[in-house]
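Reviewing the structure listed below.
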Amino acid sequence: MRAGYCIFILLVSLTLLGIVDVCNAGKLSYKFYKRTCPRAEQIVKEIIQNRTQSNPSMGARLIRMQFHDCFGCDASVLLDTVNNSTAEKEAIPNSSLSGFDVIDDIKTAIERVCPKVVSCADILALAARDAVSAPFSKPLWDVQLGRRDGMVSLATETNGNLPSPFANFTSLIQLFNRKGLDVNDLVVLSGAHTIGVAHCATFSSRLYNFTGKGDADPSLDPTYAEALRKQCPNPASPTITVEMDPTSSLSFDNHYYYILLQKKGLFGSDAALLTNRNSGKIVTRLQRSRSSFFPAFAKSVKKMGAIEVLTGNAGEVRQNCRVVNP
């Protein structure tokens with residue numbers, strides 16, 4: 001009894017000093033770092049504002065990185081390969097990710113102020129939000145915090161855990177359902193394809209010999225397919241990229257749904273959204289109302305950001321986002 005009482009007093013004391021936040025232990029919270037690192041969000045915002053001014057594509061890069069990490073949001077995608085253990089970032093779906101240097105800069109700045117407190121997983125979630133929101137001069141969604149960092153990163157674990165650009169609707173919805181997401185989340189989160197670019201290899205199979213007869217994917221607008229062939233010769237060059245949302249690849253909005261209904265979705269997985277009645281209805285609804293897209297995205301990205309998170313005493317708070325703590 002006396003030992004338990006002493007532990008209780010110790011926890012109360014540490015909480016009052018801001019060393020331990022008992023109320024937030026083991027769960028995500030919008031104010032997780034209010035006591036332990038109150039400047040964390042501002043530091044992220046300032047660095048992201050600086051980076052997006054010189055690189056408007058930063059939003060696309062970081063939201064994609066978060067997506068690829070958040071089918072298990074533990075910052076494992078940030079870890080470098082160690083010895084013979086090939087890390088996630090070197091898996092084929094992740095090999096074109098970029099923006100790791102930005103996360104490094106943010107982590108370094110935060111460690112100077114609040115060492116060993118703010119996780120890399122939370123930094124990535126905040127950075128992605130702030131980079132996409134930068135042109136709007138206000139945050140487009142709130143970010144819950146309190147994630148811990150994973151200690152394992154294996155390229156093999158990306159297999160079957162990331163949506164493929166070649167996937168059909170059945171494969172997509174099965175993967176999303178396994179992660180606790182539904183058809184609405186699938187369509188809404190696909191809307192992030194309104195910003196950014198893609199390498200030719202991720203869609204060139206739709207342009208050349210789609211059915212083995214030298215033809216293009218019939219679900220792709222023929223004029224658009226011809227324009228894409230001019231940009232992406234066969235075989236696909238690993239150095240050529242194409243806008244995912246033609247003429248609007250730097251604007252985060254609902255324009256993606258317009259092009260989708262025009263049969264100009266770049267990936268097979270984009271076109272797949274029109275092969276299901278329910279998802280097709282959601283595409284039409286989001287296309288008709290720009291104002292409904294933003295709150296819908298905010299809700300779905302919040303759900304995504306809580307997938308398989310580590311909290312409490314699980315994982316660790318890395319001091320360097322590229323390596324586990326010694």
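Every residue gets a Cβ built from N, Cα and C, even glycine.
In TrEMBL, annotation is done automatically, which means it is predicted and not curated.
Between C321 and the candidates C73, C114, C120, TrEMBL records the disulphide bond with C120.
Matching TrEMBL disulfide entries to the candidates C37, C70, C73 identifies the partner of C114 as C37. Among the disulfide-bonded residues C37, C321, the residue whose Cβ has the fewest other Cβ atoms within 10 Å is C37. In terms of C-alpha distance, the listed binding-site residues H193, T194, D245, D253 place H193 closest to R64 (site 'Transition state stabilizer'). The most densely surrounded of the disulfide-bonded residues C70, C73, C114, C200 is C70 (count of other Cβ atoms within 10 A of its Cβ).
Ranked by Cα separation from C70 (disulfide bond), the recorded positions T194, D245, C321 are led by C321. Here the binding-site residues are D245, D253; the one with the fewest Cβ atoms within 10 Å of its Cβ is D253.
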